[in-house]
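What follows is a short report on a single structure.
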Amino acid sequence: MAAAPSESIPSVNKAWVYSEYGKTSDVLKFDPSVAVPEIKEDQVLIKVVAASLNPVDFKRALGYFKDTDSPLPTIPGYDVAGVVVKVGSQVTKFKVGDEVYGDLNETALVNPTRFGSLAEYTAAYERVLAHKPKNLSFIEAASLPLAIETAHEGLERAELSAGKSVLVLGGAGGVGTHIIQLAKHVFGASKVAATASTKKLDLLRTLGAADLAIDYTKENFEDLPEKFDVVYDAVGETDKAVKAVKEGGKVVTIVGPATPPAILFVLTSKGSVLEKLKPYLESGKVKPVLDPTSPYPFTKVVEAFGYLESSRATGKVVVYPIP
C-alpha cells in the first residue's frame with residue numbers, strides 16, 4: 001500500500017459532523033479531532049482541497065432516507081476535489097500526488113459514506129474518481145461531479161441524440177446548468193429550451209447553450225404550442241412535464257414522485273463518466289457554473305448550507321479552502 005510519509009497523514013482531522021437528524025443549522029457541528037478514515041484495498045485517501053454542497057446533503061441530514069442511510073455520526077459532502085495521499089493495494093488508476101475529483105457515493109441513497117468531503121481527509125473508491133482536468137481549479141472541479149453526472153445519466157436515460165429537442169425544467173440550478181450544456185455540446189440537441197425565474201434568465205443566456213429561455217413566473221411551459229422530444233425535470237414538476245413532451249418522447253426527473261410516463265432515477269456515481277466528459281471540460285465547451293457567493297470558507301459551512309437551502313443559488317455552492 002503506497003502512501004505519503006506516515007508522519008504527514010494525521011490520525012485525526014477537522015470535519016463537520018452531525019450525530020442526529022435535523023436541520024443543518026441545528027445539528028451540524030465543527031469537530032477538530034475526527035478520526036481520519038482507514039482505506040480499503042480499492043480506495044484512496046484524499047487530502048481534500050474543495051467540496052461542493054448538494055440538496056441531497058441536507059435532505060440526508062433531515063433523515064429523508066434514514067432507512068437506507070449509514071449509521072450516524074456523519075460527515076456530509078458528496079462532491080470532492082483534492083490530492084491523493086495514500087492508495088490501496090488494488091488501486092491502479094491513481095498514485096500518490098494525483099489531483100482527483102468525484103462524487104464519493106456510488107449509490108446516493110443506499111449506505112452513503114459516513115466520511116464525506118467536508119473534512120480535511122476522505123476515503124474514496126477508485127471507481128468513483130477521475131483525474132482533475134488541468135485547466136480547472138479545485139473549486140471548479142469540486143462543483144462538478146454529482147451535478148454533471150446526474151445531467152449526463154438523465155440525458156442517456158431519455159435517449160437524447162443529435163437532432164432532438166429538449167426542455168430543461170430548472171435550468172439555472174446546479175444540475176440544470178449542466179443538462180443545458182451537455183444536451184447541446186455532448187448529445188447534439190437541435191434545440192435546448194430551459195425554464196428559470198426572471199432574475200436567473202441571464203445565467204441561461206450566458207451559458208450560450210439555451211436556445212429558448214422561459215420565465216416560469218410569467219408563462220406556463222406546459223401551455224406552449226411547441227412540444228419536445230425530451231423533457232428533463234430537475235425541480236419536481238412531472239405532472240406538467242408530461243404535457244410538454246411529444247408523443248413517443250421521454251420525460252426524466254430527479255425529484256419524485258414521478259407522474260407516468262416520467263422516469264424517476266437516482267444517480268449511480270462513476271468516475272468513467274467524468275473521464276468521458278474531460279475533453280469537453282478541457283476544451284471549455286462545458287463550463288463549471290459557480291454561485292456568485294462561492295467559495296465559502298471551511299468555517300462557514302453552516303451558512304453555506306443555509307444559502308443552498310434557501311433555493312437562491314444559481315450554480316454550485318462550494319467550500320474552499322479546506323484546511
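For all residues, glycine too, the Cβ spot is worked out from N, Cα and C.
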Per Swiss-Prot, K59, G174, V175, S197, T198, K199, K200, Y216, F265, V266, L267, R312, A313 bind NADP(+); matching candidate in I254, I322: I254
DSSP-derived structure type at K59 (substrate binding site), helix or strand or else coil: helix
Residues satisfying Cβ distance under 8 Å from V266 (NADP(+) binding site), sequence separation of at least 6: T107, A108, L109, I254
Residue pair R312 (NADP(+) binding site), K59 (substrate binding site) - Cα distance, angstrom, rounded: 17
I254 (NADP(+) binding site): tally of other CB atoms within 10 A of its CB: 24
For K200 (NADP(+) binding site): DSSP state (helix, strand, coil): helix
